[in-house]
Structure formats: C-alpha cells, structure tokens
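Novice: Quick one: the structure is below, and I'll ask about it shortly.
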Amino acid sequence: MSWLNEFDDRLAALDAQALRRRRRAVVPEQGARLNVDGESLLAFCSNDYLGLAQDPLLRQAVHAAVDRYGVGSGASPMVSGHSVANAALERELAEAVGLPRALYFYAGYATNASIVPALVGEGDALFSDALNHACLIDGARLSKATVHRYPHGNLARLDALLTASPARRKLVISDAVFSMDGDVADITGLHALCERHDALLLLDDAHGFGVLGPQGRGALAAAGLTGPGASPRVLYMATLGKALGVAGAFVAGPESLVEWLLQKTRSYTYATAAPALLAEAVRAGLRCVLGAEGERRRQHLAALIEQLREGLAPGADAAVDAAGWTLMPSDTAIQPLVIGDNEAALAVMATLREQGIWVPAIRPPTVPVGTARLRIALSAAHQSADVAALVGVLRAAAAGLGQHRVAAAALEA
Ligand SMILES: *Cc1c(COP(=O)(O)O)cnc(C)c1O
C-alpha cells in the first residue's frame with residue numbers, strides 16, 4: 001500500500017489524542033468581539049494587545065497608502081520592492097527601539113527561521129531556552145550549529161553550557177516574553193552571561209514590543225539596553241502583527257550586524273517585500289504606540305490584567321482552586337490558565353463557548369504534555385465588564401465540575 005494512503009489514519013490518530021486543530025472563519029465586530037458563523041463571541045484570543053488592528057487611524061493610513069503606492073510591492077527588497085515607505089518605517093523602528101539600524105520583514109516566522117542561520121553555522125554553538133517560539137527553534141535547526149537547550153529561564157545552566165562549549169562563535173536565543181506562559185526573560189542576566197562568554201544575544205520580543213518598556217518601546221528598552229546604553233552584542237527582533245496591530249516583523253541592532261543580515265538572510269532576499277500599504281499601517285500604529293493614546297491603552301490593559309488576576313489567581317476562588325486550575329504567574333497580557341489534560345482543556349473551552357466567550361485551548365506540542373491550558377489574551381479593546389464576564393463564567397464552570405465530583409463520589413459511596 002502506498003504511504004500516501006496513510007494520512008487518513010494519521011489524522012484519525014490526531015483525533016484520538018484530541019490534537020486535531022480546526023480553524024474558524026471570523027469577522028471582527030465592535031471591541032474584542034468576533035463573529036463566528038453568525039454568532040457573536042467575546043474573544044480572548046487575539047495578540048492585538050492595544051486594539052490597533054481595527055483602529056480608524058491605521059485604516060486611514062492604509063487607504064492613503066493604497067492610493068499612492070497601489071497594492072503589491074512587486075519584487076524582493078533587493079530588487080525593486082523596497083518602497084520609500086518601507087525605508088521610512090525602518091528608520092522609525094530603529095529610533096523607536098533605540099538601536100542604530102532596523103531591517104523590516106514581511107513576517108516574524110520567516111525572520112527568525114532565517115536570521116539564525118545567517119548568524120551561525122556548522123561548528124558554531126547555539127543556546128536556546130526550552131520554551132522558545134517554534135520559529136527560533138526552526139532557525140536553530142536550519143543553521144546546523146550545535147544546539148544546546150537549557151531549561152526555561154535557568155541561567156545557571158546556561159552559564160555552565162556556555163563555559164563548557166569550545167565553540168568560538170556562540171549565539172544565545174530567547175523569547176523576551178514567552179508566548180504561551182506570558183513571563184518575561186531575565187534580559188539583564190542573559191546579557192551579562194553573553195558579555196562574560198563573548199556571545200551574541202538574539203531576543204524575540206514579539207509580545208513585548210508596543211506594550212512593555214517606556215512608551216511601549218519593548219522589553220530591551222525596559223532592561224535599559226537601548227539608546228545610550230545600547231549593547232553591541234544584542235540583536236532585537238519584534239513582530240508587527242501583535243501590539244502593532246498589522247503584520248510583519250523587524251530586527252534591529254548594531255549597524256554591521258544588521259547590514260550582514262541584509263546581505264545573508266534568505267527569507268529577506270528571496271521573498272517579495274512587504275507592501276508599502278502595510279508599512280504605512282505600521283507607521284501609523286507606531287505613532288499611536290509612542291504617543292499619549294498608546295499610554296492610555298497600556299494603562300487600560302494593565303488594569304484589565306490586574307482585574308483578571310484578582311479574579312482567578314490562586315486563593316481567589318475556592319472552586320477554581322479545587323478544580324486544580326492554575327493561573328500562571330504573568331504580568332503581561334498573556335494570562336494562561338493551566339487545566340492539564342487535553343480533553344479537559346477542550347471541555348472548558350467548550351463550556352465558555354456555550355456562554356458566548358472564546359478562549360483558545362492550547363495543547364501539546366505547542367506546550368509541554370500535561371499542561372494543556374486556556375491561553376487568555378487580554379487587549380485594550382476589552383472592557384472591564386468583559387473581563388468580569390470571563391471570570392464569572394470560569395468560576396461557574398469550576399463550581400459545576402466540583403458538583404460533578406461530589407455527585408460521582410456519592411454514587412461510589
Ligand atoms: C507570533 C510570533 C512569531 C511569529 O511572528 P509572525 O509575524 O506572526 O510570523 C515569532 N515569535 C514569537 C515569540 C511569536 O509569538
């Protein structure tokens with residue numbers, strides 16, 4: 001039998017483990033609501049942390065850009081795809097993050113998967129946090145460098161691995177905000193280790209740029225390693241499809257390192273440039289992020305995070321505690337509620353869905369086995385009443401589980 005006939009069985013195996021993923025076609029509504037198959041759902045799914053994806057100022061920027069530049073970029077940035085809009089965005093991004101130079105990419109995945117192999121190769125050494133995003137892991141694999149994985153956030157272990165490595169070129173790669181846990185890397189500690197071992201640090205701040213640091217300038221700025229304090233051994237990468245509300249990514253850092261990436265990154269050279277209309281949307285988003293409106297939205301988001309944590313943190317609700325659900329320690333907009341079992345996580349997601357609330361269940365292999373979770377993502381587009389509704393429905397679901405357990409125990413007795 002041809003192996004091509006095995007895919008149905010392999011899909012059935014995914015079903016058996018509750019691991020088959022399904023998409024939903026959505027239409028955005030007011031605030032953080034999404035329309036799914038005619039049903040209006042209050043969504044806690046989006047990485048649009050500042051609510052910019054639907055913002056009128058960004059829409060206007062896109063309309064004007066379409067009139068001026070048309071739709072597509074037509075070619076790689078190395079040929080004729082590098083619009084004056086893209087060039088202006090690169091200067092503004094570098095200025096925003098306080099680093100000498102930035103390079104603008106059409107997507108974050110392609111950036112990391114491709115800049116890592118441009119920096120290190122066979123015979124070099126890579127040091128990677130165990131919870132890094134898939135695109136950093138794929139970049140590490142593509143590079144053919146020797147990969148040393150260290151336990152999440154364990155800098156003592158990283159120090160030991162760096163000490164033991166005979167490689168001359170060492171690259172440490174880490175998410176700045178971990179995408180499924182919401183915690184922030186110890187950037188100062190990572191940087192100090194890189195100094196001690198003559199290593200380069202690549203930080204992926206997909207979830208921090210726009211929300212963390214002064215004026216939302218990101219996690220590296222929050223750590224004081226930008227501007228006058230910019231380090232020659234840090235490359236900063238961030239995406240533009242999350243807090244910036246659009247799509248794309250950039251990498252920023254020392255002039256010669258960024259110039260090297262421009263020369264050697266295959267996903268940059270061999271891909272059609274991001275259209276100017278997206279660059280103009282990001283420029284409008286960036287003006288908002290750095291201005292008073294950005295500050296107002298970050299403050300609103302911080303208040304929502306606090307409200308959710310007060311409602312669900314350990315000790316806040318007996319039924320949630322009894323269910324064994326734990327809200328992970330996170331100060332960011334990513335607030336994961338660990339349920340544990342894959343099917344249990346899907347069941348809680350379904351219960352919320354019946355109440356008109358959409359929170360995605362995240363299962364392995366995206367997260368470690370046994371830590372299936374609801375990844376609650378908050379946004380400045382949410383209202384306080386939205387968070388109250390979510391907390392209320394989750395508490396009721398946990399209480400329902402408790403009654404179920406009491407009934408089952410009574411039956412057994
Ligand atoms: C979303 C994400 C990416 C990928 O960026 P895209 O622009 O969506 O391709 C990279 N790294 C991290 C940590 C992310 O969360």
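Placement of Cβ uses the backbone N, Cα and C atoms for every residue, glycine included.
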Novice: From the candidates H82, H152, H207, give the one listed by TrEMBL for the same pyridoxal 5'-phosphate site as G108, Y109, S179, T239.
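Specialist: Pyridoxal 5'-phosphate site check in TrEMBL: besides G108, Y109, S179, T239, the record includes H207 out of H82, H152, H207.
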Novice: Among T351, T366, which residue shares the substrate site with R21, H133 according to TrEMBL?
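Specialist: Of the residues offered, the record points to T366.
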Novice: What's the longest C-alpha separation between any two of G108, Y109, S179, H207, T239, the listed pyridoxal 5'-phosphate-binding residues, in angstrom?
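Specialist: Greatest Cα separation within the listed binding residues comes to 13 Å.
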Novice: Compare the Cα of T366 (substrate binding site) against each of the recorded positions S179, H207, T239, K242 and report the nearest.
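Specialist: Given the candidates S179, H207, T239, K242, the nearest one is S179.
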Novice: Suppose we draw a 10 Å sphere around the Cβ of R21 (substrate binding site). How many other Cβ atoms does it contain, all chains included?
Specialist: 7
Novice: Take the mean position of the Cβ atoms of G108, Y109, S179, H207, T239, the recorded pyridoxal 5'-phosphate site. Which other residues of that chain put their Cβ within 8 Å of it?
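Specialist: Along the chain, the qualifying residues are N47, H133, C135, D204, A206, G241, K242, A249.
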